[in-house]
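Quick look at what TrEMBL lists:
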TRANSMEM  20-44  transmembrane segment
DOMAIN    85-274  domain 'ABC transmembrane type-1'
TRANSMEM  89-113  transmembrane segment
TRANSMEM  133-158  transmembrane segment
TRANSMEM  251-277  transmembrane segment
Amino acid sequence: MTTNTLASPKRQFLKSASRIPVSIWLCLIWIAVVVFVGVTAQWISPFDYLQQSPLARFAPPGAPGHLLGTDYLGRDVLSNILVATQTSLMIALLGSLICAFIGTSLGFLAAHFGGWVDNAIMGFADAKASVPFIIFALGVLAFLGSSPLILLMLVGVASFERYARLTRGLVLSANQEGYAEAARIVGVPSLRIYLRHVLPNIAGPLIVQITLNFPEIILLESGLSFLGLGIQPPETSLGLMVADGRNYIAIAWWLIALPGVVIVLTTLSISLLGDYLRDRFDARLR
């Protein structure tokens, strides 16, 4: 009986895992690789990503000692990609968390106070959504200059209005549930109700929104770095590598192709995972 009891969760796990499409498993594997690189890039890089070797300029992929070749300064491309992935991933992660915090907080405020506060917050969110963010970002960076902190703050407000709208709707719905009504009746403070009861119950859709927003921030950071308004040398990012490589595409295609492939695979994997999670949550809601 004990053996059957222990085996049952294992069978349930295997059964659930077998229902996940192969494409999602491939996405999860790639995401796991990217996360591993993001954590360990400084230790697993074969060279210092700034180390130059003028005699080894434009070595092609597969060259002795340089698996993915070298760039126009003789720097190891693999080492640069590892560190650039770490940088882009960190900016996207912190930017997504800042964006989620700002939007979720505004959504809670709009749902709690209602009235003119609700109208003001939602009106601000609509105004923000009506302006192409890349134009706003270009204006801010051109005026204030580029720095990692300014870039992080910019990507941190990139899509907060989506979280605000989503959170507002979810909180208004959750406030009508029995557990919220019961907590209010016994005198539980509103802040505690929101943090202890409402937020855990609406966390699922918010997590899905983060997975959908995350690849957009990666592309935004890459685009700004490509235009010279994002990460600045001697630091590196995937977008900056693409920008540097475009000048040598005719003689060193790998300088633009390899970081571009990493950007595409990473954003595609996270987007597909986000779509899959959204479909699963929608199915449960139905």
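Cβ coordinates are placed from backbone N, Cα and C, and glycine is handled just like the others.
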For the transmembrane segment (251-277), sequence-distant contacts whose Cβ falls under 8 Å of one of its Cβ atoms, 6 or more beyond its ends: 21, 23-24, 26-28, 30-31, 34, 58, 60-61, 68-69, 71-72, 77, 81, 84-85, 88-89, 207-208, 211-212, 214-215, 218-219, 222, 238-239, 241-242, 244-245
Outside the transmembrane segment (89-113), six or more residues from its ends: residues with CB under 8 Å to it: 34-35, 37-38, 121-122, 125, 148, 151-153, 155-168, 170-172, 175, 190, 194, 206, 209-210, 213-215, 217-218, 221, 231, 237, 266
